[in-house]
Structure formats: structure tokens, C-alpha cells
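Below is one structure, written out as C-alpha cells; the observations come after it.
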């Protein structure tokens, strides 16, 4: 009878929206605009890369896959946030919470793996340009992309399955704006030490991945600075600038969210950091990739205004 009374929680309530209760619509429309921009912006990048033959190379292939992942990464959380902003019952079912957490973090892990691949790709292109075409073949790029996706979704599965077996006997208030590991584990009727172990594992994964990418870009910058031609240095920097900016934005927001260790934030800052991590960083990524790259800008213009482009070329 005792074990039957343990797992009594069937849904959770998000308390991260409590401060927005009176002005939910004021936040609903900006968030809806951001989500729409993320979806459309990343779709433009995906189609531009696929349709423009000048962009059929490993670097743009990885960018298009990253943009495709960004669409689903934000879709895992933002539609539910929008619903909670305009509804009285800011709840999510137990299964829904696990699924949201699994897809959000699996897609995030896949993006982290892909950013690592992109850093290594740029390292090979700049530091070993003669060997680059034989190393980054189309088949190998496809294998690496598929491997990143498989890794991102499989690595988290045991942890989600384990959390699904934990007893949740109340309370059921998640102090966040979406389902996340630490807020959910704090509600489990189990030993609190598992939360510390889980935090350490996640922190190590973030630090190791960030270190690999940082070392790659540091090496790239050193090689670029050694290029004698000013024009050559400028071209090399322009190629890597967008990648470095997206890396700093992604891992900077991830670090704020998951490398806090024992630090405790106020509910306002918790929600603000979560929004930076899940909404603002994906919002800036298509801007960075489209504005920092001339070939990408030309491909998007050609995609949006094909008739004007054809008329221009026909003159």
C-alpha cells in the first residue's frame, strides 16, 4: 500500500509563468513572432543550401542540418510556452514532461555534437587544405551527420527511462518555464544525491565538448594570423566568424543554465536564463549565418526573388 501511494503525481504545474500571469498576452505575441522568425529563417537557410549548387559543400551542409535541428529544438518547448501564457492551467502531463525533456535535450545534444563537427571541419579546411577534400568526402559528411543525430538521441535515453521509474509523490510544481532535469528531479521522492551526480555528469559533458571546440578555433585563429596576405586572413576570418559566434552563443547560454553548480538564482533570473537558452540563442542563429556570409545572403536572395535574379543575370 505504501508503494502504491508514492507515485501519485500525474501532471506538473509550471510556476515560472507566475510573474507573467496578469500580462500573458504582452509576452505571447513577441514570443510568437520570435518562434515564427526562427522557423522561417532556418527553413530559408535549409532550402537555400539545398537549391544553390554553390553551397553544396561540407560546411554549408552542416549549417543546413544545424538549422533544421533548430526548428525542432525550439518546437519542443516554445509552443507549450505559448499555450501556458494564455491558459489558466499551466500544466503538463507526466509523460508529456518526459517527452518534452527528452526531445529538447536530445536535439540540444545533437546540435552540440554538430557544432563540434563543424569546428573540426573548419580546422581541417584551414589547417590542412590539401588533405581536406579527401577527408571530408560527401559520404563521410553524411555518416558524421547521421552519427551526430544517433548519438544525440541515444545518449539521453537511459537517463529519461531512469527518471520515468522514479516515484513522484508531490509537490508537483516545476519552478521553470519548461520541463528540465534539475527542477523535475527535485520533485522526486528519492535521494537528493542523484541530482548532484546528474549535474556533475552534464557539466563534464558540456565542459569537454566546449574545450574541444575552443581548442579547434584557437588553433584556427593561430593559423589565420600566420597567413601573410591580408586578403587571405580576411577571407579565412569571415568563413569562421559565424561559426565562432554561434558556438559562443550556444555554449554561453548552456553554461549559464547548467554550469551553475550550487548557485541558486531568483525565479526571475531562472526564467530569464531559460529564455536565453531556449529562445534567444536560436533566434540569433539564422541572423548570424545569413548576415555574416555573402554566399548565404546571395542564395537566400535568389530563393526569395528568383525572377529578379534571373532578369539581372539575363542583362
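Positions of Cβ are set from backbone N, Cα and C atoms, glycine also.
What you are looking at is a predicted structure, and each value in this text was computed from that prediction instead of being measured.
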Transmembrane segment according to TrEMBL, located in which of 174-199, 200-225: 200-225
124-143, 144-163 - the range that TrEMBL marks as transmembrane segment: 144-163
Transmembrane segment according to TrEMBL, located in which of 271-291, 292-312: 271-291
Highest-contact recorded stretch vs the transmembrane segment (237-259), from 25-47, 59-79, 144-163, 200-225, 271-291, CB pairs under 8 Å: 271-291
